[in-house]
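First comes the structure, then the notes that go with it.
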Amino acid sequence: MGNGDFVYPSSSDRQCATHRVAIPPPQPFFMSFKNTLKETFFPDDPLRQFKNKTPSRRFILGLQYFLPILEWAPRYSFQFLKSDLVAGITIASLAIPQGISYAKLANLPPILGLYSSFIPPLVYAMMGSSRDLAVGTVAVASLLTASMLGQEVNAAQNPTLFLHLAFTATFFAGILQASLGLLRLGFIVDFLSHATIVGFMAGAATVVILQQLKGILGLDHFTHSTDIISVFRSVFSQIHQWRWESGVLGVGFLFFLLVTRYFSKRRPKFFWISAMAPLTSVILGSLLVYLTHAEKHGVQVIGNLKKGLNPLSFGDLVFTKPYITTCLKTGIITGIIALAEGIAVGRSFAMFKHYHIDGNKEMVAIGTMNIVGSCFSCYLTTGPFSRSAVNFNAGCKTAMSNVIMAIAVMLTLLFLTPLFYYTPIVVLSAIIISAMLGLIDYEAAIHLWNVDKFDFLVCIGAYIGVVFASVEVGLVIAVAISVVRLLLFVARPRTSVLGNIPDSTIYRNVEQYPNANHVHGVLILEIDAPIYFANSSYLRERISRWIDEEEDKLKATGKTSLQYVILDMTAVGNIDTSGISMLEELKKTTERRELKLVLANPGAEVMKKLNKSKFLENIGQEWIYLTVGEAVEACNYKLHTCKPEESQPWNNV
């Protein structure tokens, strides 16, 4: 209906023009239950590719599903190899110094950073579905490992036990990650919202940067706490122990790393300059220390790195009390954080290259590489953004770039580890600080503020929790705020008054469309969410308040009194027994106030449950319409025929 004169059809015409809302045919319980499970755990229908295939073909497809290398390896070409060779060598130049740096950050022997850049990438290359993810250790997981295991065992006093606990935590993290993928529970990771990750990563990066003050200033003793107050107290209580030689060296290399990164951002074709900068810093720093004997003047160096490939560590896993609880907790938290980062990075680069990655398959791949890695002297690995970005910019074509990186690390372990003896710790600190500054995404925080203040609150809550309490507390705060918001969405759904768009039969929110006309004598309300036990009471009270406000408005203007309340249920995807009870109470309330309740466009699931609960019989099928327009037309017709003396006000609706 528009704003033109309304022509009332005859009763027979109206019955022909009005469409009945259909009740879905009954479905067997097990069929309905099967469909629900499928939508929950298999929304991507991974078994579709096996339909109408021979058993042998299904076997091959099954192998390719769990080992994607069998799918792309037969089509691998020399052109791909050239691209992957350049990318692999480039990320190896970044992986070697970063691996050593992050292992130190985790309070583990530096050689573990190289071990963790050898075995896990090989496993991922066979099982991963991302072409761009470059596997390795990450700063946040390293910091979490150090802080959480450090609460149970002091790494300096008992390094062997601490090392074994790190392997055990990695094993548990891998079990969790692989289990989430196999059980199709990847949606759990989605509870870490974008705002949560932005704030958490920025807070963790800030904490990591503050921790590097120990290396920059050349301090021997430093706090094991990660909060900003403890760090500053530790730094400024040891002013007399600051070593200017170490400070000058650290600031100089940090400046070099930041300049090369800035240049590479401005000139993307020269990405390799930024990628090679960490290894260049290690080489220059080692030469400088070797030539000047700076290690005798307060500049700390790495020292001896064990030569050779990864030793077995399966027998070093600790499954006894009281350590198993700490390892389990550390594995769960670090495992989820590593999953969130790895999958987010993989999806980002897949979007750029227009291909799809399976999140559950990625979880299985990441989990398996951590399980295998924990048995070969590796600690937690995933796909860090910085290394993957270099891999992407270097033009990688397949996961073979990870294999080439692993081969480069293998050669380093076999022949080049003695060359790292004079590598100054301060250079490693500069490398970490440079990498962490890229994780503080202030532009994303500003965007959150402009778009959604609540998301900004989640982001800041995570950041403050990490910086002023601990990494674990910050994560809990961020997730808690996100869950509270989710509950608010469910418990306080949006309701709005609809009006008629002039010269149309379209009804929209009158706040969004100020030119929409109210329909005299009819209140049209839209419910924008499923109706569950959590929001049924609120909806009952809110709808009653809408009715009160509409009646007060009509009385104040002296217009026709309210006669009908139409509920637009287009957005109500489902309803439970509490929601049905709410509708029954609302019907009784409207009847006591001499109003008629009308439903518009209830969905299939809603109609099915309203039918089984006998609510359709209670309200009457004639008061349920397919569209708001038909419902308004019917209400106007009844008002016109029942109260002819009051028909004039509706002629211009």
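Even glycines carry a Cβ here, placed using N, Cα and C.
Record features (TrEMBL):
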| type | residues | note |
| --- | --- | --- |
| TRANSMEM | 133-150 | transmembrane segment |
| TRANSMEM | 162-183 | transmembrane segment |
| TRANSMEM | 195-213 | transmembrane segment |
| TRANSMEM | 242-263 | transmembrane segment |
| TRANSMEM | 270-291 | transmembrane segment |
| TRANSMEM | 332-352 | transmembrane segment |
| TRANSMEM | 364-386 | transmembrane segment |
| TRANSMEM | 398-416 | transmembrane segment |
| TRANSMEM | 421-440 | transmembrane segment |
| TRANSMEM | 460-488 | transmembrane segment |
| DOMAIN | 512-635 | domain 'STAS' |
With the transmembrane segment (195-213) as the reference, find which of 162-183, 364-386, 421-440, 460-488 contributes the most Cβ pairs under 8 Å.
460-488
As a test: from 133-150, 270-291, 460-488, pick the stretch that has the greatest number of Cβ pairs under 8 Å with the transmembrane segment (364-386).
133-150
Would you kindly list the residues that approach the transmembrane segment (398-416) from elsewhere in its chain, counting only those six or more residues past its ends and only Cβ-Cβ distances under 8 Å?
68-69, 72, 76, 80-81, 84-85, 87-89, 91-92, 95-96, 99, 111, 114-115, 117-119, 121-122, 124-125, 128, 130-131, 133-135, 307-310, 391
Sort out for me which stretch, of 133-150, 242-263, 332-352, has the most Cβ pairs below 8 angstroms to the transmembrane segment (460-488).
133-150
Per the definition of 3+ C-beta pairs under 8 A with sequence separation of 6 or more, do the transmembrane segment (421-440) and the transmembrane segment (162-183) touch?
no
With DSSP as the yardstick, break the domain 'STAS' (512-635) down into helix, strand and coil residue counts.
63 helix, 21 strand, 40 coil
Rounded mean pLDDT for the residues that make up the domain 'STAS' (512-635):
91
Do any residues of this chain, six or more beyond the ends of the transmembrane segment (270-291), have a C-beta under 8 angstroms from a C-beta of it, and if so which?
90-91, 93-94, 96-98, 100, 249, 253, 256-257, 260-261, 263-264, 299, 301, 390, 393-394, 419-424, 426-428, 430-431, 434
